[in-house]
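Student: To start, I am sharing the structure in question, which I have written as structure tokens.
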Amino acid sequence: MANPAHLMRRQSSRDLYAQRSLDRMEMKELRGRLVTMENGHPSHRTHVMYGATNEAFEDTSPNRRSSETPTSKGSSGEERVFKPEGGECERESWDSKLTFLLATVGYAVGLGNVWRFPYLAQKNGGGAFLIPYFVMLAIEGIPIFYLELAIGQRLRKGAIGVWHQVSPYLGGIGISSAVVSFNVALYYNSIIAWCLFYFAQSFQAELPWSECPNKYFDNGSYITEPECAASSPTQYFWYRTTLQISEDINHPVSFNYKIALALVIAWILVYLCMIKGIASSGKVVYITATFPYIVLVIFFFRGITLKGMGDGLIHLFTPKWHTILDPVVWLEAGTQIFFSLGLAFGGLIAFSSYNPVDNNCYRDAIMVSMTNCLTSMFAGIVVFSIIGFKATMVYEKCLSLRNETLLETFGSSYQSMVFPEEGQPVTIDMNGNLTTVMMPHLPECDLQKELDNTASGTGLAFIIFTEAINQFPGAQFWSVLFFLMLFTLGIDSQFGTLEGVVTSIVDMKLFPNLRKEYLTGGLCLICCLLSMAFAHGSGSYIFLLFDMYSGNFPLLIIAFFECIGISYVYGVKRFADDIELMTGRRPGIYWLICWKYLSPLAMLCILISSFAELAVGGAGYDAWIASEGDTERKSWPVWAVLLVVVLVLASVLWIPGLAICSVINLSGPVCSSVKSVSYEDKTLSTVGQFSKAIVCVQTIAVLLCPVISHYLHVKLA
């Protein structure tokens, strides 16, 4: 049975056929002006024009008719135009515009919107944080989002194919994006596995993190588990039951079979979502992209009915204007915008490459970016209304305990007393008799301190929020909803990130005879095996290392070179011409200024500031100390630093490395010796073989560093 969306698109194609014919005539005219012909063939002189308006450019939208291709005999007899790999019949396309929008929103809106933005807002000035947040959105977020959607839609390839077609010297940008996406997808699925574990535990009659377990002795007596008593039930369940965490990264202690099983299930689910490319993931996003909003709305109405909700929202949005002058606030606002939108991963380029060539990518960029940011603000309201309730409950419980202690010590007269320091003698009148008692220890009750006691990332989701859910009537229901929401938020971002890797591998022709579902399955299997590095006692520390360093610096460098490539290699005027031919609307001067000056400058400042902050503050991780029931700051060992260097260099060295290779190939005999293979195919084939070697080296580094470290530690001991 025919897909109704395809029928509607075909009908609209017929209605707009006359206008598209005019657009294609303009395209041909523009191509003719920019491609220099000598003896009937494109001329490759010293001054080469790269990009969508040279001979490598071709309109491969699904609605294009073969009779209009400029390669037909009637249009230019001897002209040879390279057609992007896949052709118009083989290239996939979205079922409908709604499917693309949901997929892009699901990819951009992720866990960071729920568990990082609220924390950053309350930490960096409350309502005042919104000023640098929206400024960075305007000069960095939306312009790069627009750039990636436009370039992917025009050239209809993944990140590697796109940047290599813009210029052979820029092909390393796409490979770097694919490597970073692979590294991020490798550890990101651990979060989904944790959500699945908590989701399964939420169906118990009593939530297992609601109370501390008991420690039993041989004689039948028992006490409350000391580690739990020193911390809290939610912390104990997270660190001891879920992670089975060790006291430092050098001691894995034991393998965590529960999390390993959850990881296997998570990777199977990701594969099922991607098994048929966008044909399967495009249907999944109808659930994964909409369900988080349904749950957020449910939690919103639950949150605004809770006691203390107002205190939480006041704490979140009360502006502290002096923080605007702090450079760190601007740094964190820019970083949050950058990673929240999923820029430079290659996923946006891959998604937009499945669009028709005349899709309005400008409107999509504005719509998805604003949806992402408004979702962050809405999630902040939901989170802090519930955190306000949790802080109020803790504050009132503290006051109750304090008053009970005073009542037992001083009687009802304590309300009019002035209390000395703890341990000081106090003389009181007890039924007409003067009695001296020692001032007891009183708990400190401070509502603002409780509101400040929030966390970012996993701490907010698996400790703070679960503690608040414990106070709800029917806590199991709310726990199921919450972790199902986190799961759907994570999985569509996960297969969006992995789609950037798969599309890049297809463009590079690493495995030209392998069907895409087998390629996806093999990639998921490799990632699943590698992700077992996160399923042992020190796995959460390795996860933290990947989270802190595998994406942050490389993505900023990649996006910086994307802007440089479009602005100074390809040319913003030429890029604007292409967008005008696609959408009928030319980008305004504001976007050109952002691409050429403001966005690269913003990313360069963030990158330099991040390195400076790392140099001044140092690098380390918070290790869980079981005997104290708290975390302790420790420095990364040498092997962890080496692993960081491997992760970063394996990502960014492709950019200068491939540029150097391109210079060597252009001046050598490679192209002339193989006339039947295009320059692009030859280069990508060589790069593909080199990529396999790099991935092998990186895989060995990830797997062997913890093992070698543990072995050396045992030998030295």
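Note that Cβ sites are derived from N, Cα and C of the backbone, with glycine treated the same way.
Not my notes, these are from TrEMBL:
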BINDING   Gly106, Ala108, Val109, Asn113, Ser340, Asn372, Leu489, Asp492, Ser493  Na(+) binding site
COMPBIAS  76-88  compositional bias 'Basic and acidic residues'
REGION    55-88  region 'Disordered'
TRANSMEM  98-117  transmembrane segment
TRANSMEM  129-149  transmembrane segment
TRANSMEM  169-200  transmembrane segment
TRANSMEM  255-272  transmembrane segment
TRANSMEM  284-304  transmembrane segment
TRANSMEM  337-354  transmembrane segment
TRANSMEM  366-387  transmembrane segment
TRANSMEM  480-506  transmembrane segment
TRANSMEM  518-546  transmembrane segment
TRANSMEM  552-572  transmembrane segment
TRANSMEM  593-616  transmembrane segment
TRANSMEM  636-655  transmembrane segment
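I'd like these features described in context: how deep, what's nearby, how far apart.
Tutor: Sequence-distant neighbours of Gly106 (Na(+) binding site) (same chain, six or more apart, CB under 8 Å from its CB) are Val285, Thr288, Ala289, Asp492, Ser493, Gly496, listed in sequence order.
Beyond its flanks by at least six residues, the transmembrane segment (98-117) meets 5, 191, 278, 281-283, 285-286, 288-290, 292, 336, 339-342, 347-348, 351-352, 354-355, 359, 364, 367-369, 371-372, 375-377, 379-380, 383, 456-458, 460-461, 485-486, 489-490, 492-493, 496-497 of its own chain at Cβ-Cβ distances under 8 Å.
Long-range contacts of the transmembrane segment (129-149) within the same chain: residues 120-121, 323-324, 329-330, 333-334, 336-338, 340-341, 343-344, 348-349, 352, 361-362, 364-366, 368-369, 373, 377, 559, 562-563, 566, 587, 591, 594-595, 598-599, 602-603, each at least 6 residues beyond the stretch ends and with a Cβ under 8 Å from a Cβ of the stretch.
Listed as Cβ neighbours of the transmembrane segment (255-272) (distance under 8 Å, sequence separation of 6 or more from its ends, same chain) are residues 189-190, 192-194, 196-197, 242-244, 280, 491, 494-495, 498, 520-521, 524-525, 527-528, 531-532, 534-537, 539.
For the transmembrane segment (366-387), the list of distant contacts is 101, 104-105, 108-109, 113-115, 117-118, 121-122, 130, 133-134, 137, 141-142, 145-146, 293, 296, 299-300, 302-304, 306, 309, 312-313, 315-316, 337, 340-341, 451, 454, 460, 464-465, 468: same-chain residues at least six beyond its ends, Cβ to Cβ under 8 Å.
Long-range contacts of the transmembrane segment (480-506) within the same chain: residues 85-86, 103, 106-111, 113-114, 157-161, 174-175, 177-178, 181-182, 184-185, 188-189, 191-192, 195-196, 198-199, 202-203, 266, 269-270, 273-274, 277-278, 281, 284-285, 287-289, 291-292, 295-296, 298-299, 342, 345-347, 349-351, 353, 461, 465, 469, 516, 519-520, 523-524, 527, each at least 6 residues beyond the stretch ends and with a Cβ under 8 Å from a Cβ of the stretch.
Counting only same-chain residues 6+ beyond the ends of the transmembrane segment (518-546), those with a CB under 8 A from a CB of the stretch are 182-187, 189-190, 243-246, 248-257, 259-260, 263-264, 267-268, 270-271, 274-275, 277, 498, 501-502, 505-506, 511, 621, 623, 636, 640, 643-644, 647, 699, 702-703, 706.
Proximity of distant same-chain residues to the transmembrane segment (552-572), defined by a Cβ-Cβ separation under 8 Å and at least 6 residues beyond the stretch ends, is recorded for 50-51, 144, 147-148, 151, 163, 166-167, 169-170, 173, 176-177, 179-180, 335, 338-339, 343-345, 592, 595-596, 599-600, 603-604, 606-607, 610-611, 647-648, 651-652, 655.
Outside the transmembrane segment (593-616) by six or more residues, the chain places 136, 139-140, 143-144, 147, 327-328, 331, 334-335, 338, 552-553, 556-557, 559-560, 563-564, 566-568, 572, 575 with a CB less than 8 A from a CB of the stretch.
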Student: When each of 169-200, 284-304, 636-655 is checked against the transmembrane segment (337-354) for Cβ pairs under 8 Å, which one has the most?
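Tutor: Most contacts with the transmembrane segment (337-354): 169-200.
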Student: For Val109 (Na(+) binding site), which residues in the same chain are close in space, meaning a Cβ under 8 Å from its Cβ, but six or more apart along the sequence?
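Tutor: Non-local contacts for Val109 (Na(+) binding site): Ala289, Pro292, Thr371, Asn372, Thr375, Leu489, Ser493.
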Student: Cβ-Cβ under 8 Å from Ser340 (Na(+) binding site), same chain, 6 or more residues apart: which ones?
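Tutor: Expected: Ala108, Gly110, Gly112, Asn113, Arg116, Phe117, Gly141, Asn372, Cys373, Ser376.
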Student: At a 10 Å cut-off from the C-beta of Leu489 (Na(+) binding site), count the other C-beta atoms across all protein chains.
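Tutor: Looking across every protein chain shown, the total is 29.
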Student: Can you count the other CB atoms that lie within 10 A of the CB of Ser493 (Na(+) binding site)?
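Tutor: Excluding its own Cβ, the number within 10 Å is 27.
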